[in-house]
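Per TrEMBL, the feature transmembrane segment maps to 31-49, 77-97, 104-122, 159-178, 237-262, 282-301.
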Amino acid sequence: MKKLAILLVVALVAAAPFVVGGYETNVLMNALLYVILATGLNLVAGYCGQFSFAQGAFYGIGAYTTAILSRDLGTGFWFNFPVGIAVAGLFGLLLGIPALRLKGHFLAIVTIAFQTIVYLTLSQWTSFTGGQTGLPVPSIGPVSLFGTTLFEITSLRSYFWFTLVIAVILLFAVWRLLQSRIGREWIAIRDDETLASAVGLDTTRGKLTAFVGSAALAGAAGVITAHAMRGVTPDDFTIWISATVVAMMIVGGKGTFIGPIIGAVLLTSMPEFLGGFAEYKMFLFGVLLVITVTLLPEGLIGRVRRLRERFS
């Protein structure tokens, strides 16, 4: 029944561009990208218990990797996509090393500093990153097999469907990962790191793999975003992106698979219902986050599960 429900939801989302206009399709595509970002953050913060405020930085690293490769080597999306994921994952590994010794507020400060350093590098290293002007990125273009063009990814609809396919594949991979031994190790580290270490779990490996996985997902979203937008600028990857992703994860319910997905869809679509107040969305996100942490610390999905357990 669950599989059927999932297939139905995916089918409905895929059919959305036939019903809504271009603007709404663009909003839906942004929601899918935020789903990937929030799911990635959930790996390290929700399941492994290691707070990170650097998801926007990894997002930018993936985007700029494909932009620089396209400019300097002339490579296309299919080469740049795995490379962007790998480069973002490598930076996740480098950031994960301090996590071996830091916790709580200290780790948060380090990740915020990393986010700031990445933004300043992207905006100030003009000769390499283009500075505030940014860099152009070509479209994904046609998808070919043995020299035969299967379809072209040039229109907004095609980019949306392509992003949906990638998102579904990545979410399935995350789901399988969480069911594996390493997923159980993350949960053990989150619940009691000392006990996890005492029973023989490699907590060092667990933390590092969580950071790498989180960064890799953000890098994947960054590569797709760069080609969809046909360019990148530093202001697309500020600390506000990281703050938004954190809010999505917490509001939806960290440490749950579906929570960040719900949070991403909810907070991405919320500005569309604010009308003239849309410019205050970050303020409203903050208010919603405070309310959630105060009244629903387990998030929306956590509260739903608790109510279901109470009445079952």
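Yeah, the Cβs are placed from backbone N, Cα and C, and that goes for glycine too.
TrEMBL does not curate its annotations; it predicts them automatically.
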Before we move on, state whether the transmembrane segment (31-49) and the transmembrane segment (159-178) share at least 3 Cβ pairs under 8 Å, counting only pairs 6 or more apart in sequence.
yes
Do at least three C-beta pairs under 8 angstroms join the transmembrane segment (237-262) to the transmembrane segment (77-97), pairs 6 or more apart in sequence?
no
